[in-house]
Each structure stands twice: as C-alpha cells, then as structure tokens.
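Chemist: Below is the structure I would like to discuss, written out as structure tokens.
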Amino acid sequence: MKLTNPGAVPVYTVAGPSTARPLPDWLARRRKRSTKYDPESLNNFELLQEFEFEEASNCVQVSEDGNWIMSSGTYKPQFHVHSTAELSLSFARHTKSENTKFMLLGADYTKSVHLQTDRSLEFHTPMGCHYEVRLPRFGRDLAYLRQSTEVLVPAVGLSSDGSGFGEVFRLDLERGQFLRPWQVAVGEDDAEAGLQGGIHAGAVNVAAVAERTHGLCAFGTTIGTVEFFDPRSKGRVAVLGGQDGEVTALDYSDDGLSLALGTSTGQIRVFDLRNPRPLLKRDQGMGLPIKKLIHMKTPTEDRKLLSADKRIIKIWDERSGDLWTSIEPMVDLNDVVHVPDTGMLLTANEGKHMHSFFIPNLGLAPKWCSFLDNLVHEMENETRTETYDNYKFLTLPELRELSLDHLIGKTNLLRPYMHGYFAHAKLYDQARLIANPYIWEEERAKRVKEKLEKERSSRIRGAKKVKVNQKLADKVLQRQENRGKVDIEAGILGDSRFAKLFEDEEFKVDELSREFKALNPSTVVAGNPGQTQDVDMADANSTDFSGSESEEEMEEEKPKKKTKDEVVMQVSSSAAPRGGKIKDLAFGDRAQKDTRESRISAKKEIVGEQSITFVPESKKKKQEPPPRPEGKRRDDGRRSASSNVFRKL
C-alpha cells in the first residue's frame, strides 16, 4: 500500500503493480527471495488472494451484499469469485470463449449471466454453467429489468426486416423465451454497412436502467443519440440527440432524474430528464472513448461523478464541474467499479494484477478491510522513500558500446528480456568505467562547470531576457540594483507602452550612429561592432567580478615595456613646419604631458591634422629672438680668430 496521488484528495494504491509491464518470472522470484527479511517488505500485504489473471482482466463487479467480488479475464478465458469474508479466491471457472460483460442477477454470486464474444449468453450457478443460448447477432452490453425479469442485450447491426433500425434483444427468464426486440435507430438502411462485423455497421452500444425509481431504459447508439424506452408501454418515449461521436457510456443517478453520458471523443454530459440542455459539460482530455460513468456521494452528501477511459480515472464535482481528484494507472483500463458507500475502487485492466484504490475523502474502507483506515492514519505522518532497482535494462547496441555483447548466453548477470537484456547494476557500472576511464573526471568537471555557471548567473541579480536591446535592459536593471531594489516589472521594462522596444527589431539601438555617440559619450565601440564597453566609473564600480577574472584582466591591461631590439613604429605628419626639417618621432615620444589641455582634449575624439582649443595659454610666452641686422657680423657662438688669446698677445 502506497500513496500514489498526494494532494488535497490523496489516493492510495492498495493492490496493483507500479510498472506498466510485469517483471520476468526469474527476476520476480529473485526479488521476492532477496526482500524476504526486508523491513519494508514485511509490512506489505495482499488485500485479496490471487486477485489477478494470467494476461488481462475484462470486467469486475461487487455483489449487493458486499460479500462477493466476481471478475472475468483471460488467458485462458475464465472468471474468478472472491470471498470478502475470507479475503481469498473462492473458485475459478473456465469458459469456452472470452467474456464481454456479465451481471449478477441476485444479491450474491449464485446467479449470473455472461455475454460471450462468440454470440452466446451463458447462465452460471455455483454448480457450473446452467444454460447457454445463442444470440442472432453480437451483443455489446447487458442490462436487467428486475420487475419483469428480462435480460436486455443491445446488439450490432440492423434488424432482419430491413427497416434500418438496430435491435435490443429481450430474453424473458421467467418464461425462458425471447420477446419481440426493441428497435432503435442506428443509421441509414445500408445492406453492406448493416452486416454484423462490418466496419461501418451501426450498433446499440450501451444500456442503462433506472431500476430503483421510474424504470426508464436508455440506449446509446453509434450515431450519437440516446433513446428512452418505457418497459410498461414497451415502446420509445423520448430521443436525445446532437452528441459528438458515439455514445459509449450511460449512468443514472440514485434519484433517477440525472443522466450522465460519455462519448467516443472523450466528452461528458450531464442531463436533467426534464431539460434537453446539459447541466454540465466536461472533457476527459485524452480524446479516448469513455468506458465508465458512476454517480457517487461522499460522507458529507456531496455528489461526485466518476468518468474513466482506458488511460485515466477522473472524479468531478457534479454541481460545480471542478476536478476533484484523478487516478492514472500504469496500464490500460477495461472496467471500473465502486464499492457502494465506501472509498474503495476496483479496476479490471490489461495488466496481470488487478488494481485496488482507496480514497479516504470519498468514504470509509469497506467492512471486510476496515484495517485500511488505521493504515492510512499511520501513513499520513510517514515520509515517502523511493526504491531503485538493482538491474539496468540495456539494448544490444548499448551492450556493444560497453563491450558486453560477448557475455550473451554465458552468464547469469546478463538475462534476455524482450528487445534487450537485464544487466546487474554493479556489472553495468564497472563496464561503463572500463569503456571510458575518464568518465568520473568528466562527470566531476561537468558538475563543477555547472556549479560555477550557476553561481555566476546568481551574481547578476534581477536578470531579464529580452529579444532586442538586451544591453539597455541590463543597464536599467543595473541602475535599480545601485539604488538597492530590483524590480523587473518597474519602469520601461514593465510598461506596455515600451513593449516593442524590447521585442521589435525596428526599435533596435544602433550603437554606431552619431546620435548614440552624442548621447552616450562614455560608451566606446569595441572591435566587434555588435559589442560595446561602458567605461562609466559609477557602473564600473558597481559591477561585480570574480577575483580570478579581475586579476587576469588587470595583468592583460598593464602596458608592456619596450626592449632595445623591439621594432618601434614611427609616423610623420604631412604638414611640415616652415623653414625646418620634418622630424620623425616614435609613438612613445609623441605622447602629450598630463596638462590641463591634454586632459580636456583626451575626452573627445580628434579627427584631422590640427587641433583648435580655447584653453587659455600660459602667461609666460616664449620670446622670439630679435632679427639679425643685415651686414652685421654673425656671432652665433662660432669661435672667431680675433678672439684668440695668442693673437692678442
């Protein structure tokens, strides 16, 4: 017993497998031996002994007195009868063909009628098959009129008189003869389509009887109509049409005033017999035919409606139409039955084991398993643990990758199953390590990388991904972070008027345009035109970098010292000074000094060969030398012969 659907309305799986396919016999036996003394396995129990079939189960029902459970399944075709007093299998009986539907005619199992797939109707008693009768056409469902002891069998195909109506066969059990069948409209009169077994043959799919109230019989057809017959007048009294798809399920409420129907497209409708408009419309969500509808009541007298297809069981609130809870088994469902006045559900399914579900909010446990209430109370305070298998399923290509294909058929550690093999978990781990010795290091490096990326992304607080202008969005969030509060829905990011700014490519900011440079003088375009680097000191101080990254970047930004052997590139200007020679200078020698003029001119980009500035010049102006008079002797510091000391002597 385990909790399979935790929530406001918990669902407990009392019996049934947790996997979609059964384990092989050798693995099931080994697991049973290995978990013999496991404390968790010692607490497990089997609610009903041998509540299973070899292949699948078709139908299940509970007797009115609650002491017997009858179920049918295959293979071989058979039905089982379980005693709830003993919680065990009472007897099993094989039949000649597979069962389609059966009904209990009394308060216990002693009288039952079985509709078989070979067009036969069998009546069984505790001694065996009491009587067998052949039907003219294949039957789809069974219904029973207790007042007149008539068995109703909706059938496939058209009537023999060629009227274009389907038939519902009536077998009187008191007189032991067939009565005149009821004719139900199932489509046009087409001889080829009307043949039983044809692809497009019309049929009466399902029947429902309000036996505890007014006794009206409802029949759903393949053309989406529901026809009502009164057993007292032996004729049709009303027709309800306009449904999407075929009608596949019908059920009356306890008061007989509400009728629920399900279609082949997964639609659910609830009608009041006094109003042709549906009171409730719901969709099962799977697009599969509805197989079962059941009206239920909780201990607080809240009305619920159960709907089931082959994938999922849903329980709806009949008044509001809200989904109350759901159950999704691992196997396909064939039939569902509710134990009256309890919270127990039994299912017939395609798996080997039949399922039993217990919903405490739906009602108490049945009297024959009242101990479930105590178990549920104990499990409410327990923590759930997951159980993992000791075997790994591998296909043949996966075995070849691990170099284990040579072990096929030579060891018990590799067992064939379906399209692959079961390999022991330890063997799989060792083979994977040998095939790739660095798998541990690769996995560790991968984990470390993921952790670092996660930490790095966590530093960017309030990040928001947009289609266009991501840098603008980051800049807005950075300003919010500087103020101490980040809200991705505040400002232009959350204003619908500026939504296209971050979605439409036409509003993308062109960082190479003259207008962008004028409004953002501190943004310098990098080598890649699509990348920019913001040098704003306020933004630079608020940006977080990791220690290792910042040290590496600082080392890269340090200027390198020039060596003697290093080639130095020199440039010259095309505008030579007047009366002088052009002098080539290196880049390092041409660097301006850190003056007021240089600091101001460094902030703006200079284009051309000359620069004009309005910075006031220094008061100390350089005095130009006076012009040399003509005819005067040059005295440029050149040594004169007249000044020779020896000459003056």
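Every residue, even glycine, has its Cβ placed from backbone N, Cα and C.
TrEMBL entries are annotated by machine, without manual review.
Got these off TrEMBL a minute ago, pasting:
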REPEAT    240-281  repeat 'WD'
DOMAIN    388-436  domain 'Nucleolar protein 10-like second'
DOMAIN    495-523  domain 'NUC153'
REGION    522-649  region 'Disordered'
COMPBIAS  522-548  compositional bias 'Polar residues'
COMPBIAS  557-567  compositional bias 'Basic and acidic residues'
COMPBIAS  581-607  compositional bias 'Basic and acidic residues'
COMPBIAS  623-639  compositional bias 'Basic and acidic residues'
COMPBIAS  640-649  compositional bias 'Polar residues'
Chemist: Treating G and I as helix alongside H, and B as strand alongside E, what does DSSP give for the repeat 'WD' (240-281) in helix, strand and coil?
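Modeler: Per-class counts: 0 helix, 23 strand, 19 coil.
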Chemist: Helix, strand, coil residue numbers for the domain 'NUC153' (495-523) per DSSP?
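Modeler: Once the DSSP states are binned, the domain 'NUC153' (495-523) shows 16 helix, 1 strand, 12 coil.
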Chemist: Take the domain 'NUC153' (495-523) and average the pLDDT across it for me.
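Modeler: Across the residues of the domain 'NUC153' (495-523) the model's pLDDT averages 84 on the 0 to 100 scale.
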